[in-house]
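> OK, TrEMBL features for this one:
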- B:12-34: transmembrane segment (TRANSMEM)
- B:46-65: transmembrane segment (TRANSMEM)
- B:94-112: transmembrane segment (TRANSMEM)
- B:118-140: transmembrane segment (TRANSMEM)
- B:147-171: transmembrane segment (TRANSMEM)
- B:191-209: transmembrane segment (TRANSMEM)
- B:221-244: transmembrane segment (TRANSMEM)
- B:276-297: transmembrane segment (TRANSMEM)
- B:309-328: transmembrane segment (TRANSMEM)
- B:340-358: transmembrane segment (TRANSMEM)
Amino acid sequence: MRTKGWIWSCSFSFLLLCGCAQPKVLEEVGLVTTYGYDISKNGSILGTMVELTIDPASPKDVVILESEALSVRGIRNNANNKTSKRLASGQLRVIIYGEEILKQGRTGIAETLTSDPSISDMTYLAMADGTARDLLKLKTEHIPDIGNHLYKLIDQNTKGRVMPSATLQEVLHNLFSIGKEPILPILKKDGKGEVGFTGVALFKESKLVGKINSDQSFYLNLIIDKYKGGNKDVEIKSSKLKPRNQQLNKTVASLDAVNGSSKIKLINREKVEFDLDVKVDGRLLEVTSMIDLGNQENIKLVEKEITKSIKREIEKLIAYCQSKESDAMGFGEIYRSSVRHSNLTDKRWYKMFKEAKVNVNVDFSVKRTGLNE
Amino acid sequence: MKVQYQAKPQYILSTFILFFIIHSIQVGIGIQGFQRIIFSEAKNDSWISVVLAGVFTHIVVFFIIKTLQLYGPTDIYGIHIEVYGKWIGKAVNCIYIFYCLGMFVVILNNYIEVIQTWVFPTVPTWLFSISILLLVVYGVTGGIRVIAGAGFFSIILSVWILSFIGYPLRFVDFHHLLPVMESNITSILKGSYKMTITLIGFEILYIVYPFMEDRKKVIKYAHLGVAATNILYLILMLLTLSYFSPGQLENTNWPTLSLFKIVKLPFIERTEYVAVSYWLLIILPNLLLYMWAAVRGIKRSFERKTKGVIWFFTIFLFFVSIFINTRSKINQFNDFFDNIAFYIAFCYPFILYILALIKKKMTSLKEN
């Protein structure tokens, strides 16, 4: 009995020693919620951090820190020299890249960050139109905390399927897979002091090669992911439909509750030919044309026209991606998984993708037309 | 010493506990990162390697039980003495004891490495080592019933971790698994070979066998335990292959833990920290069982009192564990024991069975 008690007390005293691990008291830690990475003039990395301070006495909740270093980790360490609180990145929500740093192909920053266990794989990545520093320095009346604002903005739009989802896990996943390239949403600060989603950045390997606008990003989303519950205005070019807006001479059909799914199939191995079947349906709420939607034939006509215009847009998007050699849709992945012993490499796929033929088939149907007919 | 060993009634275990013993000793440290090692050989067909290795394990377990059934209630130490004679038998027993201790060090050091990388980068190795070792001493002095209980509760209390599998499912891309059988058969077999350190542990059957209440049911529960492990590994392998892209998987040291990196619960933001700390409960039965096996070896072959042996081993293991403290040393040690474990756990049972069979035939001929 005595020896047992001895063992107990001994093991308990050692458990107390576990207090030797560095404690992180909330008041003494500066939580970095957003990182921004740019390239400085001499080629080193310029980091901008949004630090959230928990201090009831301080009037400001956020502090913007800047530092320059050669390594990604060095940025945080250098910034630490300037703060009264130890910086911790466990609450990191968003990472913003400047445009320049991506043009130089330094996406590898993300890879470095994942080797730090305190950073979550669900962190959002985005690209700033211009420099990340300018974007993070934005401060207006209705945006007191830019870090939180960006996080909420990206989170809301990603869940609402307006923006393509670009979490650390997804970007790295596509960066490291052969035959699929990552994409990043582009955030832009406009003159009035607002931030908005303006487009999607396309990559070749880790280099930024092209951009598409937010309108085309809908079609990209449609191909990449299962699409559920979004809104979209589709422009119709048809002689049969007379536009209401005579001035612009454009007809627009407004869709709501859009559901979409797509399927890519390799149909010719030698010539690399794909079938892309896109299935879309949704509610037709508005057509800016003098047309009676109560008439079944008119609905059919609108359906046909919308199908045509979706098809046109997707073909345009694919042609653009091909011209930039950026396979954001993952055709290469399909090729690799359906051809045995293809030994596909990124370099070979870029060439093949450029010459690949994609047959787009769109199947669009109007589910209903809302409350009115 | 006697070849047969009749356990005292107060140490007898219900046979169904064997399921928990086998499953808990197999699942431990290997599960955290086996995917990457196998992937480096078999690529997108790694799951076939897992299935093959699992089937092979069932065959080995079958032969282990066959060997034990030749002698009635006995353990491997008794069989060794019977097959090789007194002196060589004892020497072989020593090798087996060293193997158990080596596995103990592999598990201990890998776990300390994981906890230092993920949660406490500044806490020294000796502190973890000593706290875990004292826990093990406490458990092993409690005897086989305490250890079996630890195995039972380790499984029951960690089932909830399985529910996290749902989170990564949102990001899977099953195209990664295609085309099936792209790797050639040699690389798939090499992948299976790399499963060794993840699958071993079932050889504990050799030692717990005399403690089982109903030895006829041993076959059933032993195979159930191994099957549960195999299914778990297969699910994890498929999930990992489809969640990570090939390049990513090659760079991830502990894919299973990295899978948890995206789990976000309303009340706890980073679940993998909990999982890593909780893993102590999962590896504890492994440590207890290997230590107990080694101590039993000394007791059976040299008839020593166990208490002194436990403390001697503990101090010895403590010093070994603080010397192996960097990633590269741990890797070297792992690779070394990977080879040894393959021969001792997977190949040796066949040899032992044949030798035991021959010996049995010879004695029966002599008697006639």
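Every residue, even glycine, has its Cβ placed from backbone N, Cα and C.
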> Quick one: do the transmembrane segment (B:221-244) and the transmembrane segment (B:276-297) have at least 3 Cβ pairs under 8 Å, skipping pairs fewer than 6 apart in sequence?
no
> Let me spell it out: take the transmembrane segment (B:12-34), skip the flanking residues so only those 6+ beyond its ends count, and list any with a Cβ under 8 Å from a Cβ in it.
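Answer is 106-107, 110-111, 114, 144-145, 148, 150-152, 154-155, 194-195, 197-202, 204-205, 208, 211-215, 217-218, 221-222, 224-226, 228-229, 232-233, 236, 252-257, 279, 282-283, 285-286, 289-290.
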> In the same chain, who gets a Cβ under 8 Å from the transmembrane segment (B:94-112) while lying at least 6 residues past its ends?
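For the transmembrane segment (B:94-112), the sequence-distant neighbours (Cβ-Cβ under 8 Å, at least 6 residues beyond its ends) are 28-29, 32, 76-77, 80, 125, 128-129, 132-133, 197, 200, 279-280, 283, 286-287, 290-291, 293-294, 297-298, 301, 313, 316-317, 320-321, 324-325, 330, 333-334, 337, 340-341, 344.
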> Select the range from B:46-65, B:118-140, B:191-209, B:276-297, B:340-358 that forms the most Cβ-Cβ pairs under 8 Å with the transmembrane segment (B:309-328).
B:118-140
> Let me check one thing: do the transmembrane segment (B:191-209) and the transmembrane segment (B:276-297) come into contact, meaning three or more Cβ pairs under 8 Å with sequence separation of at least 6?
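Yes, the transmembrane segment (B:191-209) and the transmembrane segment (B:276-297) are in contact.
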> Against which stretches of its own chain does the transmembrane segment (B:118-140) lie, if we need a Cβ under 8 Å and a gap of at least six residues from its ends?
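Tertiary neighbours of the transmembrane segment (B:118-140) are 108, 111-112, 146-147, 150, 257, 272-273, 276-277, 280, 284, 287-288, 291-292, 295, 310-311, 314, 317-318, 321-322, 325.
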> Any chance the transmembrane segment (B:340-358) and the transmembrane segment (B:46-65) are in contact, meaning at least three CB pairs closer than 8 A with a sequence separation of 6+?
yes
